[in-house]
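Taken verbatim from TrEMBL:
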type	residues	note
BINDING	57-62, 169, 194-200, 225-229, 294-297, 362	GTP binding site
BINDING	61, 200	Mg(2+) binding site
């Protein structure tokens, strides 16, 4: 009897040992999972969330592509090849806009805007291609037709009024490179990709680190780009939580242009209203604001020929000089308008949030790199201040 009890006790001890080992193993796994969760939570806390906002055609997506080129590995061959169809579509869309625009303008001024008789057939053919949903690959023959039509005097006169016709900023660049774009072995360059126009739909994001030369800065940024057209903006709201900084892009050159989606609305007035709305969002109470006054390269060429006061927001503008001095005066006037709007839209409980304005040209890689270094320094200084280390 005693031997049976001892034997059963031994079996029980053995089972307990087995259960203890299982418990220890389970506890170790749980501890490991908890450790990983803690690490990931710390890492997530360390990531600075940046939101790239602005109206359609403000240059947001070009800034986004520059960040990918500057602070990530850039575009691999597959990604570059994926842009071939986009670039060819841009070419067909542009020549259609110009041809159809010249026909419309010719109704009131045939002498200036009527296409030469030898180019009308080419124009009709290209307009039909540009109206299709599936564009053919650009061939040497089609490129020659487009080049011939592009050089027509009426098309050039129409291009000069491109602000009235939704002609994209990439028009001249692609028209000057048609033969290269039509090569059978064509692979887009980085510059081609930057000029390529694709309307952002939905949300795209990249994570990058570090900004600037200091590899030990440790800052990690997650940048979100969202569609700027009106019908895309409802997708912004869910991104508004826990944002470190909003980078708001405003195209300073578009004071004489109308929206793609509403040709009765001035683009600068739309930008003003959108900026005002974003500033007043409750979740941005302590969010830093970085305003990129973008497309300065186009602005400095335009402002000497098209007065700022064609835009209702700038109707009190008075030119004071000529050349570079006038360009700077006009830019400072626009900058002041945005500053005034910021402080008018900022309630007293939000005055301590960071607000910085940067002059940018999204196509200028050196300038974008320099600008993001400044943004990085500003945000790091802000983080140190909030941690009581400044």
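Any Cβ shown, glycine's included, is placed from N, Cα and C.
Given the structure is predicted, the values throughout are model-derived calculations rather than measurements.
Annotated features, which come from TrEMBL, shown on the structure.
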residue	record	Cβ contacts under 8 Å, 6 or more apart
61	Mg(2+) binding site	198, 200, 225
169	GTP binding site	57, 195, 197, 295, 298
196	GTP binding site	83, 86, 87, 90, 170, 188
199	GTP binding site	56, 227, 229
296	GTP binding site	252, 253, 331, 359, 360, 361
Taking the Cβ of each of the binding-site residues and counting other Cβ atoms inside 10 Å, which one has the highest number: 60, 226, 229?
60
Return the count of C-beta atoms lying within 10 angstroms of the C-beta of residue 200 (Mg(2+) binding site), excluding that atom itself.
17
For residue 57 (GTP binding site), the number of other Cβ atoms found within 10 Å of its own Cβ:
22
